Each structure stands twice: as C-alpha cells, then as structure tokens.
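Heads up, the thing below is written out as structure tokens.
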Amino acid sequence: MEIRMSDSSSKPVLVTCGLPYANGKAHIGHLRTYVPADIFARSLRKEGREVTFVCGSDTHGTPIVVNAEELGITPKELVEIYHKHFDETFKQLGVYFDAFGTTDDPENHNRTLDIVNRLIEKDYVYPKIIEIAYCPACNRFLPDRYVEGACPHCGETARGDECDQGCGKHLEPGELQNPVCTICGGPAEYRHQEHFFFKLSEFGDYLMDYLSNDLGGTTNARNYALGWVKQGLTDWCITRNLEWGVRFPGHEDLVVYVWVDAPIGYIAFTEEWAAQAGDSWEKFWKGEGEIVHFIGGDITYHHCIFWPAMLNGADYSVPTAVVASGMVKIEDKKFSKTRGYVVWVGEDYLDHGFHPDLLRYYLASYTSHTKELNFSWRVLQEKINAELVAVLGNFLYRTMLFAFKNYGEVPEGKLEPEVSAEIEEALKEVKEAMAEYEFKKAVDSAMALASFGNTYFQSHEPWKLIKEDRSACGQVIYNCLHLAKALSLIFEPVLPQTMETAWKGLGQESDIHASRYEEALVPLKAGTKLAKPELLFTKLEDDRIGEMEEIANQRVKAANAKKSAAKGGEKEPSKSEGMGPSEEAKVAEKAAKAEEKVPIETLPQIEYEDFAKLDIRVGKVLFVEPVKKSRKLLRVEVDIGEEKPRQLVAGMASYYTSEELVGKYVVVLANLKPAKLCGVESNGMMLAADDGGAIVAALMPDKEIKPGSRIR
C-alpha cells in the first residue's frame, strides 16, 4: 500500500525528479521518472495546489571526467552539450520544469558548501586515513569509475563506488578487490590518503523512525531502505580526488562526492526558481512545505538513507515522500545499452514523427508505477489503437464533428444527473489514484468515462434523432460535449498537447493547463462557437511499427557483433553514455557467457504420487532484505495464503535487488523442511531457473493470481 499524498491544500508542494546525468542521451528509462512526475505536478495544480516543479542536470563525478577525456574536451563542454539535450527533449515531451539548472551552477556550489560546513560544525564530518586505489603507470589516484575490480560482497565485477553488475551495494574507497585502472588497464594498488567521512552511522535510529513513520511515497522505496538500516549503517566517504566538482572546504585537492552535491541540487534549483519568481525557497527546505522526490528505483539508497541523514544533520527539512519507479525492459529483455536493448527518445521516437503524448500515455497506463514496465512497439501499437483511437479519440471526434456539422455551436441543453454522476465519480477516482501515485488507475478511471461517453452517444442515436427532434438531439449533444470537456480536463495531465487541441475545438478560451478539475462540472455555455475538429489520434499501422522493430533488431545485431569482438579480445572505445572500454568489454563478455548453451542433465522419471507430495504455491513477495554475513542470500517474506507471511531464505542476492522482488508473484515450495542458512531460518524454497551459474531467474506467473494458489 502506498502512503497517500497529503490532503492539506494549504501546504505548497515541491516536486523533483532524479537528476539526468549529463553524460549521454535521453532514453525511455529516463522517462519512467520524468513523465509520471510531470503528470503528478499537473494533476496537483488541477486540484488547486501550489506546486513548484524543479530538476536539473547532474554534472559532476568521474564518469563525466572519463568521457570528456576520451572525447578530448573539457567536462564543462561535455555537460553543456547534454544539459541542452535534456532540456530540449523534456520540453518536446511536454515536461515543463519551473527551474532546470545544473549541479555546476553557482547556487549549487554555494548551497553544497553551506551544508557541508554545517555538518562539519556539528561534528558530523571527520578526517580519516584510508586506502585509495592508485595507478603507478598513470601516476594518479583512481576514484569511482577510474577503477574496477571484484565486489567484496558478491564477487561480481564492480566500479569503485558501486557494484552495478551484481548486488547493487554502495562501495567505499578501498573496498574493491583486485583493482584495475580503467585508463590503462593495468593493475592498481592501494595507497594511504586522508579523506573525509560523514557519520552516517549516527543516524540509524533517526532513519528507522523517519522511514517507518514519516516518509510517504511508494512502499518499495521505504522497504528497500529499511532493509539496509536494519543491517546497520557505516560512515560514508564524502570526498574524491578530482579536479571537476565542488571543492571540499579547505582542501583544494579534494571535491565532494557526487552523491553529496547532486541531491543538494534540488535545493539549489528551488533557489533559482525562487529568485526568478520572487518567492521563497525556505518554505520547502526550512519550512512546512511538502517535498516529493520522483526517482528511479536504482537510486533509492541515496534518496532514502544518505540524503535525509545529511538534511537532518544540517537542520534542513527532509523529503515528505519518495516515489520510486519500477525498472524498464525492452521487448521483454533487460534494459541494456550495451546489448542494444534500448529506445532512444530522440532518434528512435521523436525523430520518426511519433507524437509525444502517445509515449506519455504508454508510460502512465502500462502498469503500476512501482512495477516493471516493458516497452514493446507492438504493445504500443495495440494500446494506442485500442484505447486512444478506438475509445477516447473516437468519442471526442464523433461528438465534436457531429456538433460542428449540425449546430456549429454548443446547443441548448441541461447536464443530465446520470452524466454529472459519471463525471463526479471519475474525478473522485482520478484524484484518489494520483494521491496514491497510481497513475495507471487514474488513466483507467478516465478511460472508463470515455467508454461511458461512447455508450451514451451510441444508445441515443443522435444521427437518427437529428431528423426527428432537433431540440432533443441538441440535449444529447450538449451532454456529449460536456463529457468531452470533462475528458479534456481529466486527461490533460497525461496528454497535455492533444487535450489542448480538443479544448480549443470545444470553443474554450481559457488555458486548459491552468484550469482546475472542478471546471469539469461547470455547465457549458450554450451558443459557444465550435471549431472544425481535428482527428486527435490516428492508428499506428503495421508497416510503421515493423520499421521500428527492424531498427531495434539491427541495433541488437550490432551490439552482438561488438560483444563478439570484445569477447575475442578486441576493445572498441565507447564514446558515449559514460561507459569506458574496459567496462563495456566486461559487461559484453558477461552477457555472451549468459547466452551460451548449457548442457541439460536429464533426471530419472518419477511417479505422479511423488510430484503430488510437493506443496507448490504462488506467493506474493512482501519484504526483502540482505542476510548479514552473506553475499548471496536474501531474507524474503512471502504471502502464500496463510495467516502470516512465510519467511524464506533465497540465494538470489547476486541476481536481484530487494526492490526488484518486492511486489512480485513467485513460486514457492511450501512443505520443504525448515533449514537455517547463515543463522536465518528458511521455511520453504523460492523456485528459480539456473542455467549453470551465469543467470538465475525466479519463476514468476505471467499474471497476478491469488497468493496461495496451488500449482498442479
């Protein structure tokens, strides 16, 4: 269950999005955060809430420095290119921020120094001599992505600050095993150097209380963070050996870690907005205003643990809610730029003439915000043709065309109680769904109103009535036009450009984007002139979709060829997306290994009675946390239809993060005798497929089914 948005209309709301990294192009994975956040902000404004919507480009950190060096330009030149790209792309998609800055803006440098100095003054920051990766051949220290090696927790290939290919854990300097320099490919060594640490360990009790009782948003974010806090927190190194970034106070040879100054950008961008609008940034960050962060699920740890601890330590307001999206797949394959499973917003979508609103609709309506979203060109075609064209577009166009041809204006009429009740119910459901960050539910409720409109139009047969009783026909069309007005308002947060066209076609002179939901119940004024309607949505034809599928297939083939070259020892430099050649080769090699044929061992046949002894059920994962002292085990709580959740221990930490499992339906062997693994009792087994070690995939039903359902 998601914790609802506050109903207090008196409090201003700040909505933010996780910052796009200014190191590569916008892809559909980015939009899983930005489009729902824009929908949410638009909807709040329609409810009459005071909303400020800010974001900006994340411009610091080693990936940007590494990529700039490869391209032979400065980091500043690189981030300017991509900052402009993201700004333009968001506007094309109808995502409009009140401020869109960069973390290299003076406001962010100043605010970061203010917060860091405040933490130093309150004794939350201390110096410590630690081991830092150093390359003797390059004669330089190697922070973050300048070094790779084995993750100390799961053994997978990892970067200096994160195990991105394995368990997903944040890594501190010096933790990486068998370090290798990504610049020259040679072995690195560890040398001692003074760095500065934030006393994150002192915030365990505060964070436990905050996450359990105060933080709203989506449960996947809270549960994931609570799992880490329960394990115990370690202090966090907040400095790096780089020239590019925000200087650490009093140390010209150090900058603050990117995950310090990046979230502080939320405050800096609010300051930029306030300076331009003549308003106050303190009402959010020092006052009672609400702060809602929309993020990708992969940065939950930073936003629910590091960030609120820093803010609390520096006496700033903490987030009211964190809304974490589910992951994105492409054509049922795990999203991977290296393997070609990616959809670029510009070259794959906008540049081919697809309307921005169609993609916004897909992202909002495909599934619940916290669940995994699969992008498929065929599914896009099906949804647009069956829903936007056949239902919403059909009702709006046939209503407006009939009214324009036969009346030219809004005819005389009264809003019927049945129609009014349907609109009121839709508004109620949409508002409730938005408050719970359930965008699919909101869209489904709005589409149900469009379906009602089609039924109303069809059942009253105005094409016959116009010949028999023009006045009675006018009454029907008046109500249809009123439904069209209501639908335009309700769908505006999701389809802003298309609904603006419909709004103007209805002769409405006000700004639909500034109009409130409540206007959906204000009677249309008879005599209002109607414009000749435009066809709002057109079918996506097979040949057009086939063309896009072929482009996608060619990309995967090219990636496979590159992967084969990498496996054969040829290293092709990567000039985009922040992935160095060493990393790209390793990821490609791992992907190739996963696709190799695995010999299948055939087991002896058994009688049906043997199979019948197995109590195999469908379970819903409620909670997941890593098992202490283990790199591979997860403690999982599963609802299998019993009075209390069943506790299992699953060896999946190397293949799934906690947030990827929570909410999923899985297959459980329920009558396996209890066993203790690393001191934790497991009362059953979560079933999975294993291809020999490279890939483990949990068995999951292809549709939701009641927990406890038997598998026979």
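Any Cβ shown, glycine's included, is placed from N, Cα and C.
As recorded in Swiss-Prot:
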MOTIF     20-30  motif ''HIGH' region'
BINDING   Cys151, Cys154, Cys163, Cys167  Zn(2+) binding site
MOTIF     334-338  motif ''KMSKS' region'
BINDING   Lys337  ATP binding site
REGION    559-585  region 'Disordered'
DOMAIN    610-712  domain 'tRNA-binding'
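On the structure: features taken from Swiss-Prot.
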| residue | record | DSSP class |
| --- | --- | --- |
| Cys151 | Zn(2+) binding site | coil |
| Cys163 | Zn(2+) binding site | coil |
| Lys337 | ATP binding site | coil |
Going by C-alpha distance, which of the binding-site residues Cys151, Cys154, Cys167 is nearest to the residue listed as 'ATP binding site'?
Cys167
Report, as numbers and ranges, which residues of the same chain sit near the motif ''HIGH' region' (20-30): CB under 8 Å and 6 or more residues beyond its ends.
55, 57-59, 61, 63-64, 67, 78-79, 81-83, 85-86, 89, 102, 296, 328, 330, 335, 337, 342-347, 349, 359, 375, 576-578
Which numbers of helix, strand and coil residues does DSSP report for the motif ''HIGH' region' (20-30)?
3 helix, 2 strand, 6 coil
Let's check the environment of Lys337 (ATP binding site): how many other CB atoms sit within 10 Å of its CB?
21
By a simple count, how many Cβ atoms lie within 10 Å of the Cβ of Cys167 (Zn(2+) binding site), its own Cβ left out?
24
